[in-house]
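**Q** Feature table excerpt (TrEMBL):
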- 100-451: domain 'Novel STAND NTPase 1' (DOMAIN)
- 595-629: repeat 'WD' (REPEAT)
- 640-681: repeat 'WD' (REPEAT)
- 685-726: repeat 'WD' (REPEAT)
- 730-771: repeat 'WD' (REPEAT)
- 775-807: repeat 'WD' (REPEAT)
- 818-851: repeat 'WD' (REPEAT)
- 861-894: repeat 'WD' (REPEAT)
- 899-932: repeat 'WD' (REPEAT)
- 941-974: repeat 'WD' (REPEAT)
- 1031-1062: repeat 'WD' (REPEAT)
- 1116-1149: repeat 'WD' (REPEAT)
- 1161-1202: repeat 'WD' (REPEAT)
- 508-527: transmembrane segment (TRANSMEM)
Amino acid sequence: MQEQSLITTREEFGQALTRLRESAGVSVRQVAAKVGADIAPSTLGDWFAGRGLPSLSSRDLLVEVLRVCGVSDDAAVEQWLNAWHRVRRAPGRRPAGPEPYRGLAAFETEHAEWFFGREALTAQLVAGLTEPGLRLVVGASGSGKSSLLRAGVVPALGRSAAVFTPGPHPMAALARQRGEVLIVDQFEEVFTVCEDQDERTRFVAALSEAAERAVVVAGLRADFYGQAMRHPELLAAMRSGQLVVGPMREEELRAAVVEPARKAGIEIENGLVELLLREVAPARADGEAHEAGTLPLVSHALYAMWRESQGRRLTIADYRKVGGIGTAVADSAEKVYLGLSEHRQELARRLFLTLVHVASDTAATRRSMTLAEVLADHDPAVAAEAEDVLDRFVAERLITVDLDKVQISHEALLTAWPRLAGWLESDRAGLVVGRDLAEAAARWAQEGHDPGALYRGSRLAVARLWAEGAGPHAAPGPQARKFLAASVERQEAEAAAQRRGTRRLRRLVAVLAALLLLTTAAVVVAVRGQRAIIDQRNTALSALSGKVANESVALRAGNPALAAQLALAAQRLRPSTESRGAVLSTPANPYANVLNAHAGAVYAVNYSPDGSRLATVALDGTLRMWDVSDPLRPAALSSVAGDAKGLAAAAFAPRGELVATAGNDNTADLWDVRDPRHPVVLATMGGHSMGIIGVAFSPDGTMLATASYDATTLLWNVTNPRKPYLLSTLKGAPKGLSDVAFSPDGRTLAVTAFSNDVMLWDIADSRHPERLPDLRGHTKAVLAAAFHGDTLATGGFDNTVRLWDLRDPRHGRHLATFSGHENGVVAIDFSPDGRSLATGSYDRTIRLWDLTDLHADPIVMTGHSNTVYTVRYSPSGRVLASGGRDDTVRVWDLGRPVLGGHRGTVYTLAYSPDGRLLATGSHPVIKIWDVSGDPRPLATLTGHANGVTAVAFARGGTLLASADLDSSIRLWDLTDPVRPRLLSETAAGIGNIFAAAISPDGRSLVVAGEQFDVYVWDISDPGHPVRRAVAKGHEDAVNAVAFSPDGRLLATGGGDRTIRLWRTADLAPLGVAGGHGGTVYFLAFDRTGTLLASGSGDRTARLWNVRSLDRPIAVLRGHADSVQSVAFSRDGRTLATASDDRTAMLWDLADPARATPLATLTGHLGQVNKAAFSPDGTTLATVSGDSTARLWPVDPGAAARRICALAFPPITPAEWHQYLPDVPYDPPCPADAATGRAPAG
C-alpha cells in the first residue's frame, strides 16, 4: 500500500510531503522558485510542516509542487490528491482505523468492501447486463442508486466501466468516457442543470445509439420519470430494462449497519441496532425496513456516531448524542453554521443556494459545479473566506469536493436541515429568477455583451423586482448586476426615445390645429403629417401598454386584484400581445383577493356556519369580523383587541353566536358576536401555564377544548357562555400541543403535539376522558388536525399529510400519506363535501388534494410570501380563506379554472363535439369533466397501465377512444358520462403509442407511435375493433396524426422531421413536407381542410396549404422551446400553440401568410402538452406537466367582465399613478361592476 493512502491528518500529510521533497533533494525555496507561481515560501513551508493545507483553489499549484518533488506518474498524483481531499474532509480529531461509514457521501468504487445490504439487487442488475442495451435504474432520492452503481455494480461486472454524471454539457461528458459499460449516474441532471434542449435530445439519442453496441446503465431519480418518458429512446428501457431501487428490507438494512462495523473491528452495543431499525421503520408493515429517502439520514447518523465514539464502540448514548436518525444531519450542519461569524453565515447561505438547482415545477436538486463557478459571484476579497466556509462543511461531509468539482453531498440535506429548507422555501420563485438571471448574464458575457441577449419586457420587470428585494443574502453577483444594469439602460433608452416621440406628437398636434385654417394644399400636407404623428403616438402607447401588462404579470401572485386591473388598463390603453395575454391569463390562474388589515401574522381564519361572516385573529392581538355575504369581497365589520401578546386561535360555535379566541397570555375568551359590529367578551378562561395554540367547539356547542404549549388540553363546559367551567384536564403529551379537533359525533378528541404521534381521547364522559391508542406514522412533530366524518387528516413537520380511518377510534387505521409540500404542514381543512382537502405550509403554498383519487397530485396555489398558518373552506365550498406570516388574509375563488386530481403529467385532452364534456389523460387515468358551466369532475376511467397519451371523442360524444404507452387501446361508452362503460381493450402490439385520432364518421381509429408506421383500426363495432391497414413511410417514431374535416385526408408527422399526407380510403401517399428542424409533435387541419398546422421541436409552428407542400405558407416563431400542440379555432381565424416553455400562444390568422401573435398565456408551472378550443370557440383548454388542465377565455371582453366581477379592492389613485404616471386616473372596472355592467374598454 502506498504511504499516502495511510495519511489521515494534516500533520501526516506534511510529514509525507517533506519526505517526498527531501528524497528529491530540493529545499522549500527551491520548490517555490521552480513552481514559479505567486506564492510565498512561507506558505509552502506551512504545507511541508503540516501547519496548513492547500486550499481548494490551490489544487493545480499542489500538482506542480508534486511534480517538482519527483511525482511524475498520473496515478501517483491522483493518490496524493485523494489523500489531500481526505485530510480536508476530516481535520482535527478523528478515530483511528478505517472509516466504516460514508455519511451523506455516496459509496465509490474504492469503497466496495464496505458496501453491504444490496448484494441481491446488485446481482439482479449485473445479471441483466450481459447484452448491449439501455437499462434504467430508478429510485427515489436517497434510495442508494449512486452507491449501488458505483460500489455494487462496477466491481461486480468484471470488465471496464465508465461512470459519469451528465452535468450541464452531457455531450462533452459522454465524449470523455471509455469503457465496455457506460454508467450514467444522476441522469436527472439532463433535465435540471442541462439548459440546452437540443443538447439534451442529442445526448439521449447518443446514449440510445451507444446502447446498440454496448451496455448502458442510467440511474434516474423517480420524480423525473415523467420527463424521461417524453424521450422515445428511453421508453423501451422503461418497459423492458428497468430496475427499481426500493427501500431495503430489514435484513438488508441490518447488514448495512452491522457488517461495516464488524469489518472495522468496532463493537456495537446490544439494543442499538434494534433501536435504529425501530426508529426508521415505516408505518405500514410490508417488509420494508424504512421509508424511501431515509438511507442518507441513517448513513450520516452512523458516521456521526463513529466520529463521536472515537472508533471503539458504538453505543446508544452515542446515538442519542448525535441526535438520532431524525436530527443528526441537521445537528451537524447547525454545528458548523453556528460556529461561523455573522458575515460568514451569510456566505454559507449564498454558497448553499448556489449549489442547489431550483425549478418552479420540480423538487430542488443539488448542482455539481467547479470551484471557480461557485466563487464566480463573490468579490475576490471575499472568495478566500467563502472557501474556508466550504472547508468547514466539507469536514462534516455535508459538502463533497471531488478534484475540481464541488457539490452538496446528498439531496437529503435539502430537506433534513431545516435552515437550508427554510432558505429554499422562503423565496423559491426568487431563486428561480436569480438562477435564470445568473445564467443569462453568463451567456451575455460569453457572447461579447451582445445587446440582443439582454432582458426586456416582463423578464426584466420580474428580475428587477427580485433584485430590489433580494437583500444581502441572495443579492445578484457582480456579473449579474452588470447584466441587469445594461438591460435597464437599454430599455430606458428605448423608452426615452418613445417619450420623445410622444412630446413631438403633442407639439405637432398643436401645429396641425393651426394648419387646418390654411389652404387646401396645406391641409393635404398636414394630413400626411398627422398620419406620421398618429403612428408615433400608437408606437408610444403600445410600448406603455406592454410595460404595464408585464408589470401586471409580475404582480399576479402577490397582488392579484391590482395585477388584474393593470392588465385591463394596459389593454384599454392599447391592445397588444402582452396586454391580451395578461387579461386572458388572469381568469385561468388561481385567484385571491387580499385583505391587509392585520399588523401581524394571521394565525386563524374561521367562517360562521351560515357563511355570512369571517373571523380572523393575528399576532397583533386583534379579532376582526368580516361580512362575506359577497364571498370574494369581504367588508370589515369590526376590530377588537383580544390579547396584547397576540392571538393564535379562533373558532365559531356551531350556531354562530359565539367566537372563542385564545393566545399568548395563557387565556381563552368567549365573544358574543350576534352583533358582529360590536363583539362583546362574555367570559375569560384561565388554567394554562403557557400560551394556547388551538381551540375547538364540540359539534353540539356545549364544550370547548383548549390546547396549549404547556402540554395540556382543557375541556370546558360552555353551555352558559357567561359562566364556563372546567370539566377535565387531559395530560400525557411529551411536548407542547399544536392543535385540537372534535370528531363530528363529539365522542373523540384528536390532539396533536410537537411529537410524532397523534393523541386520541374518548370524551363520551367528558369528566373522565379515556386515552386511546395514539396514531403513529409521522416522523416529525404533528402540527395540524381536522375531521370529516370518520376520517382524520393530520399534517406535520415531516412535510406530509396523513389520512386516518377512525370508524373504530380504538383501532385507528392509516389510509394514505400525501407528499408534496417542501416544508412542514401547519394548516389543514376538509371541504364541506369531503371530496377535497386544503393544506397550508411553511413552504408558503396552499395545496388542494383530491380525496376521490388518493394517488392524484394536488393543485398548488401560491401567493402568500411567507408561511401559511391557516386555511378554511367556506360552508359552500366555493371559497377558501387563508392567513399567514405575511400578515395577510387571502380569499380564494375555487371556481376551478384549474382542473386538478391528475396523477403526474397530463399528456392529452379532447372536447366532446357538443362541448359539454372534456376528457384529460394522465398517468394512468382519464378524467371526464362537465365543462358546460363551472367545471366539475364526472368520472375517472382506470385500467390503463401506463401514461395515457391520446384521447378522442366520436359519435356525438358517446364514444371515447384512449391509447397509452403500453400499446393499449381502449374504447369507452360515455352515453352516461357519470358511469362510463368499457367496451373493448386491445393490445395493439405496436410499442408505445404517441398519437390517435378518430375519423369524422366515427368508423376508423388511427394510432401511431414508436414503430414508425401508422395503423388504422375499424371501430364500426367498438366492442370488437379490427386492424384494417398499415401506412409505411416514416423513418422514425410517429408523433402526430390528424384527419381532415371531411375525412378524406390523413396527415402524419414524427421524429424524421417530415409531414406526410395520405388518402384515407386506401392510404395512398399524396405528398411529403420537410423543413422542420426537429420532431413534428402535432398536426391539425382547419375547418376547410385546406390549411394544415404543425408544431415541432424546432420551436416553431408552420402553416401549410395541403395542395402544395413544397414550402410552408408561414413560419410562426415566438416560443422558447418545443411546440407540442397546435389547434385551430372553429372559425379558423385563430391558431393556438402549446409549448415546453410553459406557455400557450394565440395567433391571428386573418391572413395566414402574415400570421401574427395575439397573446401569450402564462400560468402553467410545467410544459404545456396540448391545447384544444371548445367547439363554440369561447374557451381554450390546455394540459401540462404540472399535473393540471386549465381553461382560458379566448375573448378579452369576456375575460374583462370576469376580472371586474372578482377584482377587489378597486385600484387606487396612488397605485394608478405609480404604474401609469402620465395617464389620467380612470379605473378599468366601474364601481358597480359586480352588478353586471360591462367594464370600460
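Cβ coordinates come from backbone N, Cα and C, glycine included.
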**Q** What else in the chain is close to the repeat 'WD' (1116-1149), if you only count residues 6 or more beyond its ends and a Cβ gap under 8 Å?
**A** 197, 361, 580, 584, 1078-1079, 1081-1088, 1091, 1093-1103, 1155-1162, 1164-1173, 1175-1177, 1180, 1182, 1184, 1192, 1194
**Q** Are there residues at least 6 beyond the ends of the repeat 'WD' (730-771) whose Cβ is under 8 Å from a Cβ of it, and what are they?
**A** 690, 693-700, 703, 705-715, 717, 778-790, 792, 794, 796, 804, 806, 809, 812
**Q** How about the repeat 'WD' (899-932) with the repeat 'WD' (1161-1202) - do they touch, taking at least 3 C-beta pairs under 8 Å (6 or more apart in sequence) as contact?
**A** yes
**Q** Counting Cβ pairs under 8 Å that sit 6 or more residues apart, are there three or more between the repeat 'WD' (595-629) and the repeat 'WD' (861-894)?
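**A** Yes, the repeat 'WD' (595-629) contacts the repeat 'WD' (861-894).
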**Q** If we skip the immediate neighbours and take only residues 6+ beyond the ends of the repeat 'WD' (818-851), which ones have a Cβ under 8 Å from one of its Cβ atoms?
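**A** Residues 363-364, 415, 421-422, 424-426, 428, 780-781, 783-789, 791, 793-803, 857-862, 864-873, 875-877, 880, 882, 884, 892, 894, 900-901 contact the repeat 'WD' (818-851) from elsewhere in the chain.
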**Q** Reported in the order helix, strand, coil, what are the DSSP residue counts of the repeat 'WD' (640-681)?
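**A** Counts, helix then strand then coil: 0 helix, 21 strand, 21 coil.
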**Q** Report the mean pLDDT of the predicted model across the domain 'Novel STAND NTPase 1' (100-451), rounded to a whole number.
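**A** Averaged over the domain 'Novel STAND NTPase 1' (100-451), the predicted model reaches a pLDDT of 80.
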**Q** Taking DSSP states H, G and I as helix and E and B as strand, how many residues of the repeat 'WD' (941-974) are helix, strand and coil?
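**A** With helix first, then strand, then coil, the repeat 'WD' (941-974) has 3 helix, 20 strand, 11 coil.
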**Q** In the repeat 'WD' (730-771), how many residues does DSSP put in helix, strand and coil?
**A** 0 helix, 21 strand, 21 coil
